[in-house]
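Features reported for this protein in TrEMBL:
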- A:14-53: DNA-binding region (DNA_BIND)
- A:77-178: domain 'CoA-binding' (DOMAIN)
- A:G88, A:A89, A:G90, A:N91, A:L92, A:G93: NAD(+) binding site (BINDING)
Protein chains: 2
Amino acid sequence: MKKISEAVVRRLPVYLQVLSDLSKRDVQTVSSQELGNKLDLNPAQIRKDLAYFGEFGRKGIGYDVSYLIEKIRQILKLDQGLNVGLVGAGNLGRALCNYNTYLKDNMKITAVFDANPAMIGAAINSLVVMPMDQLKDIVAARNIRIGIITVPAVEAQNVADGFVEAGVEGILNFAPTILRVPEHVRIHYADFTTELLSLAYYLEKEGDETDEPLVD
Amino acid sequence: MKKISEAVVRRLPVYLQVLSDLSKRDVQTVSSQELGNKLDLNPAQIRKDLAYFGEFGRKGIGYDVSYLIEKIRQILKLDQGLNVGLVGAGNLGRALCNYNTYLKDNMKITAVFDANPAMIGAAINSLVVMPMDQLKDIVAARNIRIGIITVPAVEAQNVADGFVEAGVEGILNFAPTILRVPEHVRIHYADFTTELLSLAYYLEKEGDETDEPLVD
């Protein structure tokens, strides 16, 4: 299969969500125009994205919804079952555990850890917070492949090192700091402040922006 | 100034963070190589990004840290002061309010709302949860320009409509659903499941992936 660009990979879960909604409503085919309306994307862009899967749609009929769902689930490895571990049982960590409801498709947070002794043993839905010294054993025992970091920035690198040592293959970091991991570990950043600050750039009304030339 | 691409805008907060760390340690100049090491980016990419600001660095000296910080803050409108409102005072909403500590630079969550009567009046740090019927008045009174949505997916469109009616210019949506907003309102998605699912794509070990051709 052709290598899929990062931008397309990021759109796949969104396609999957829209297609799943359609499937729940017993919709069997969908046009690129309809998908475009739902996703605020150009239909030509959608046709190009979907062409990666060898699925081109048929004129006047559209795309087969359940075929696309199956294909995207395969590409995202959702057909495999994927266990996720989380370190940091504060508000954010707890909120993420609640997303388990949305994480159908065999991808689940199956273990939660915290360094704070007062947190150990606390229940978050069906999970029980475990101490950090069990991270390595539990990651191995439960075949955890992705680690989520929801600890303060100053502790994040230590937690990342722990996850790497325990053998996870991917890390999703919510701490507002850059982390160093070996090349074979994929790291994604989900820092909310980054989203918020880049959103600010697009606000329409300008305040006191100057017209000074961009030189020293 | 040249129009800045979306990808570069998303990197600006990350540059800002690294540069602020350097500045705190009294570092006055930095090379694209050093920035590249810290950010896991190619130095050539960094030089290209920074060229947007008319700042090219000087051979053997590097970039002026405080000048870059000032420039990026201007571009992200952090020199203006920016108030943010949040709807949904659950775990995620509370976690985001805690980020106010990181949101220096005049960008702050200044109001929290919830539809649940049991939540009204509760304190989250220095904020008090307010009822939804005050959203419009408070957004106007506090000049809130960005709205954050941390409610369940089924309620998210209603909340977005409320923010739009109240006059916000940008929305950051954490609910795992696509929202419709008018063209003049910028919407960013911070859905954690999307991040997690796209991360899964990059895991190295393949499970039971088939080699079947990608045709029907």
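Using N, Cα and C of the backbone, Cβ positions are placed for all residues, glycine too.
TrEMBL does not curate its annotations; it predicts them automatically.
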Model confidence over the domain 'CoA-binding' (A:77-178), averaged pLDDT: 91
Structural state census, the DNA-binding region (A:14-53) (DSSP three-state): 28 helix, 2 strand, 10 coil
Interface-proximal binding-site residues, chain B, C-beta separation under 8 A, candidates A:G88, A:A89, A:G90, A:L92: A:G90, A:L92
CB contacts for A:N91 (NAD(+) binding site) [other CB atoms within 10 A, all chains]: 19
For A:G88 (NAD(+) binding site): intrachain residues, at least 6 apart, with Cβ closer than 8 Å: A:F113, A:D114, A:I149, A:T150, A:V151, A:V159, A:F174
Cβ neighbours of A:L92 (NAD(+) binding site) where a neighbour is any other Cβ within 10 Å: 26
